[in-house]
């Protein structure tokens, strides 16, 4: 027998909490790298171009690995994926704290942490999607999960700046490694979902429930050792006894007892953690040989065949004509990529820009304004949180409000004796005709919102670059914060607006991809989208560093 395959309401919302923790810690770590940028620059005495590769890798590499890691998580479980993400993030930070040169930092802080980040992100979003995909609260659950990104981005930047006042950057990385290990909490939150996705063997009332092939008893031991033999009897399904439970109830050695406990650790793949090792539920026919049975059981335990199948399907979809001959999709991913190249520049360089612009001739800045400058990237994070909530509410209401509004409009026009919009002459009011056509098509609404957010992002980023922050250097002191001056307040508002646009991009991209590609090509389209976005993030940080150094 097997456990219940239905999640309770508490377990479902516990998965949302786990996703929130994943995004909070992962994005908080990612978007606080700008605070550490100047520390890396001074520690290794290298050019800013060499140092700028680190944040570029942190933004780009996780998106490059999505096409490989998503099938892996689908095969081996979300809880184990989140667990390994936490371990890799923690190990990468601790190893980076001991890095003697920038080349080793590329490996530990750039690549190793990127794999941990993508495991954490993908586990969260895939677990929430799997749980709520057929639920009317799917949009709300997704929004609450992604809100962790804004909260983490807002909290981590001043926290890291505060740590740097008392500790060196190496010690701060060690502290961050300990904090990131807490994302293991999210792995425990995904435990119940994996428990229903993979069979969980429960203790059998007896171990003599053997079925036969041709009248001969077939036991677990006989299959594994090869003592059973196939006959020409009618094929029948078998249920092999649970060897692990028997081993736990009658341990012959302390090692076996210990292994029975270790197998339930979060980092063990879920299909091995929940399914008793060696216990197969695959129907076996009389014509099967012992080698066939053992091979099927090995594949069922390891999951390699399932992973390779999912990976091959993903690669095959990448060459689909429906993907590359869709002009809307092609234009969208490159437009979003250009926006992504621009939006990572404030994330990475706004802290250093504020420090250098407000420092005096000797390069000194008082502690009060130093702490205020660390709030600039935090304001981008707060804007991201506001944007995710706002655009999430707007897009979630489009499908619900469109029909009532159109119905109300038709009722009013009919009461006035006018023709309904569907048969009214097209040339009478082109603006209303365009509005009606756009409002009646959800995909057009999403694309129109994307264009608005794109313009919003460009104008707010331009505002940051045009504000003369350096003119405040002689007007601030320990008693006069630059936020108290008009230019300082304008800079804070511009950072908030950039963050809101980032939140809009974050919420709109999955909906636009589904609108333009459909559910079948959605995974492949997402992989290409993330790859292009990651490449543009890397290009954006490189260009931003070149401009920042030239200045």
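Glycine residues also receive a Cβ, built from the backbone N, Cα and C atoms like all the rest.
According to TrEMBL, the feature transmembrane segment maps to residues 12-37, out of the candidate ranges 12-37, 194-219. Of all ranges given (285-306, 307-328, 329-350, 351-372), TrEMBL attaches the label transmembrane segment to 329-350. TrEMBL lists transmembrane segment at one of the ranges 235-254, 255-274, 375-394, namely 375-394. Between the stretches 57-74, 399-416, TrEMBL puts its transmembrane segment entry on 57-74. Within its own chain, the transmembrane segment (57-74) has Cβ neighbours under 8 Å at 30, 33, 81, 106, 109-111, 113-115, 117-119, 121-123, 126, 307, 310-311, 314-315, 318, 344, 523, 526-527, 530-531, 533-535, 537-538, 541, counting only residues six or more beyond its boundaries. The recorded stretches the transmembrane segment (444-467) and the transmembrane segment (172-193) do not share 3+ CB pairs below 8 A when only pairs 6 or more apart in sequence are counted, and are therefore not in contact. The transmembrane segment (487-509) is in contact with the transmembrane segment (137-160), judged by 3+ CB-CB distances under 8 Å for residue pairs 6 or more apart in sequence. Away from its own ends, the transmembrane segment (521-543) comes close to residues 49, 52-53, 55-57, 59-64, 66-67, 70, 314, 317-318, 320, 322-323, 329, 333-334, 336-338, 340-345, 348, 509-510, 513-514 of its chain (Cβ-Cβ under 8 Å, at least six residues beyond either end).
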